[in-house]
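Report on the structure given below.
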């Protein structure tokens, strides 16, 4: 980490002899390092979640899988307007998009369950390499697949990449200034927006899903470059540098204090200590589980059933627009920590449950006259979800000790994954029930 950026060029005078570099202000060095680190974590958040988001955006296309002739895409970019099931007002696929959600989240759940048991103690660099390789493999496998099953295997690779990366990078924030947490969260929100928007835009422009996925292979490479070349190795806090830290904290980047420990310095917490820390995290974990359960029940259980025939958008295009608007809301709220901080995240959980109830009633009764009203609700849904994520991890970073922070961040990141997994398991039977009933 920092190997590319850490290499120093030798300064030579006119006769070829080495000269000493001009001294630089320690404060300028600290500010430069801080900018590199916050931008590094923003890019890591962006790249880490990118493949996960793209797979969810492509879920309808993956399940509408049709083998095309010649050099055409293996997944149909815009399924015909004729419904898959003409007797259903929902235009149902034979399989719910929740199947893609489960393939995209269950491996992540397994990884996050292992994290508090010791996965977070493994060296960081090999974990980052595995994450990048899996992300690239997911794009290749889905792009060249000939069946839904093969595509789902590619989705599993994306899940492994995202889950391992999130555990790794959230744990890594314990060794950097607290400001990197908000930048990481903003980057993950950016992944949602850019991932969904790029898939929507490129397919709308006429590029096949296969070529769209192949065009995204640069993202895993950017993830590796951000980690190995952009991040600086965290340095122990200088006990005599309090005045510089205070001055630095007044700059646009806040919370510039650095922890005393370094990555890969193992903290040997006993099982009892881990359990005590985990119990202390429950007031943060439970609301986040509820928020993500509600929003992903909407996203992968209801989006494809919120089908409007009185619009020029095809069913596949409607689904992509839902995903893009949701991710736009997530990006805005995950980037809002410096403007708005919410301590009581249970309020966000309650509001998200009301969203779920409202859209579920609309699926049943079809009382909303226009798709644009659903667009507004979906945007609002994304704002709630992103706000819950960034404020939860910010509060954990503030209220845990340096000794426990790495473990706490790794343990708390299971909450969103657990909620998403529950939503996928319940969305599958709901899809089958409504499609058979209609």
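A Cβ is built for glycine as well, from the same backbone N, Cα and C atoms used for every other residue.
Note: TrEMBL annotation is automatic and uncurated.
Features as listed in TrEMBL:
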- 1-27: region 'Disordered' (REGION)
- 69-88: region 'Disordered' (REGION)
- 236-266: region 'Disordered' (REGION)
- 39-59: transmembrane segment (TRANSMEM)
- 98-122: transmembrane segment (TRANSMEM)
- 128-145: transmembrane segment (TRANSMEM)
- 181-202: transmembrane segment (TRANSMEM)
- 214-233: transmembrane segment (TRANSMEM)
- 281-298: transmembrane segment (TRANSMEM)
- 344-365: transmembrane segment (TRANSMEM)
- 371-390: transmembrane segment (TRANSMEM)
- 410-430: transmembrane segment (TRANSMEM)
Quiz item: Are there three or more C-beta pairs under 8 angstroms joining the transmembrane segment (214-233) and the transmembrane segment (410-430), sequence spacing 6 or more?
Solution: no
Exercise. May I ask you to check whether the transmembrane segment (181-202) and the transmembrane segment (344-365) make contact, with contact taken as at least three Cβ pairs under 8 Å and only pairs 6 or more apart in sequence counted?
Key: no
Exercise. Using a Cβ distance cut-off of under 8 Å, indicate which of 214-233, 281-298, 344-365 has the most pairs with the transmembrane segment (371-390).
Key: 344-365
